[in-house]
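Report on the structure given below.
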Amino acid sequence: MSTTTRPSCLFFIVNNSLVDADADAGSKVPQRKQNHPSNRIERSSMSTVPQSILQANEKYAASFAKPTVPRKNFLVVTCLDPRIQPYEQMGLQFGECGVLRNAGGTAPNALPNIIVAQNFGLRDIAIVHHTDCGLTHITHQLIRDAVQEANGAEAAKTVDQFDFHEFKDVPGSVKRDVEYLARQPAIRKGTQITGWVYDVETGNVEDVVVS
């Protein structure tokens, strides 16, 4: 992948504003405004958000129908990227299966929730990663630097406790995650674990591996 490729969905929160992490090619991280507490919540700028949610929910509730009870005993583990819509892209009705999301759809970060989901009957697991994933464009250091720039050095130290499991090879990351889950003793015996790559340019889903 070319180093000049820009992520489609990579942003950081700086002083309560979404800042394109690659907007300024001359700097690694966005600059902070001076004399502005980085942890202050500006309610005046946020007030329209809950209001719009409530208004939209009124319309939704007016025609609300109970969602489909899960009929598929499997769980999709995928990325939080809004371009990924597992129900539509995998030919499912809303609510037919469980869906877990995190940055990149990485299995290690999803494992505790996977264990809980299996306890509720979602036995089989589908790992779905996608092309042009934001996690392929970042590094741990980039995230740490952004947190330090936004919230200071002490806050940046807390980032060191996390493993974001960033990757460059999307099919390779799917195989890695399938193998990772297959090794976990807490995953139910007999679980079928499959791995998939969704192409954000074509809408196609390609099977990568079946455990």
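Glycine is treated like the rest: Cβ placed from N, Cα and C.
Automated prediction, rather than curation, is the source of TrEMBL annotations.
Annotation comment: TrEMBL describes Cys79, Asp81, His130, Cys133 as Zn(2+) binding site. Look at Cys133 (Zn(2+) binding site): DSSP puts it in coil. Its Cβ taken as reference, Cys133 (Zn(2+) binding site) is surrounded by 28 other Cβ atoms within 10 Å in the chains shown.
Residues or ranges marked as region 'Disordered' in TrEMBL: 24-48.
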List of residues, in chain order, with Cβ under 8 A from that of Cys79 (Zn(2+) binding site) and at least 6 apart:
Arg101, Asn102, Ala103, Gly104, Gly105, Val128, His129, His130, Cys133, Leu135
